[in-house]
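Enquirer: Input: one structure, supplied below.
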Amino acid sequence: MTNRQWETLREYDEIKYEFYEGIAKVTINRPEVRNAFTPKTVSEMIDAFSRARDDQNVSVIVLTGEGDLAFCSGGDQKKRGHGGYVGEDQIPRLNVLDLQRLIRIIPKPVIAMVKGYAVGGGNVLNVVCDLTIAADNAIFGQTGPKVGSFDAGYGSGYLARIVGHKKAREIWYLCRQYNAQEALDMGLVNTVVPLEKVEDETVQWCKEIMKHSPTALRFLKAAMNADTDGLAGLQQMAGDATLLYYTTDEAKEGRDAFKEKRDPDFDQFPKFP
């Protein structure tokens, strides 16, 4: 593996947030519990992803877990209380749902770099990422029905879009675990590489993506999300279109005419068929 110097952009307690040549990397840093997340972990990830979204130097975001044994094993069951996962404020939450949605609406590609276990809520995080680079030691699966839990949102509905309804039901009903090759065969990941090469491969994919139009990628992501996200997906795509329209001379003419208290001259702009 190439020895890269990742720059720490912000210090957190339960995650790492780093940067390298246009790539932001968010790492769940709780290896002692196979990178299971708490409400605090999720809050920190939401903050880091929000910063990556706003950072003009970031083109692609990578989500991963600390160490080689686990990407993420889902919610920390020791923190699970009455009505959700209980944080330091003693309020039960399911704020990972907010994180899932954020990953979907960020107008930049998000790549899951999976080493070891991606199970339970960890597999759902893998599912909502745009792409997945898996190490050959990766293990995928859902555990919810074993521990009195389930994900009836992206973790089931969108999973079924990816792997097919029959396979998604198998994954949830049987709670089996699947190796990297099996995950590749069902379309749950994009590629499988040796563990020692997984970061090199992920960075290579990021660099290839960064050669392409960020606006085109933004609209492609929004378009592919729109059919599964209902009106919220259409709102996201419409918002992206509005932002792009604001950059045109036609939109600026309307704005300037209002500010200058005159009628806008829209006849000067082409009316494409």
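Using the three backbone atoms N, Cα and C, a Cβ is placed for every residue, glycine included.
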Enquirer: Looking at 74-93, 254-273, I want to know which stretch Swiss-Prot calls region 'Disordered'.
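Expert: Of the candidate stretches, Swiss-Prot labels 254-273 as region 'Disordered'.
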Enquirer: I need the neighbours of the hydrogencarbonate site defined by Gln142, Thr143, Gly144. Which other residues of that chain put their C-beta within 8 angstroms of the C-beta centroid, in sequence order?
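Expert: Those within range, site residues removed, are Gly74, Val119, Gly120, Asn123, Gly141, Pro145, Lys146, Val147, Ser149, Phe150, Asp151, Trp172, Cys175.
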Enquirer: Which residue counts does DSSP give the region 'Disordered' (254-273) for helix, strand and coil?
Expert: 9 helix, 0 strand, 11 coil
Enquirer: With every protein chain in view, what's the tally of Cβ atoms within 10 Å of the Cβ of Gly120 (substrate binding site), excluding that atom itself?
Expert: 26
Enquirer: Which binding-site residues are spatial neighbours of Gln142 (hydrogencarbonate binding site) here, meaning Cα within 10 Å, out of Arg34, Gly74, Asp76, Ala118, Gly120, Tyr246?
Expert: Gly74, Ala118, Gly120
Enquirer: Rounded to a whole number, how many Å is the Cα of Asp76 (substrate binding site) away from the Cα of Gly144 (hydrogencarbonate binding site)?
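Expert: Taking the Cα atoms only, Asp76 (substrate binding site) lies 12 Å from Gly144 (hydrogencarbonate binding site).
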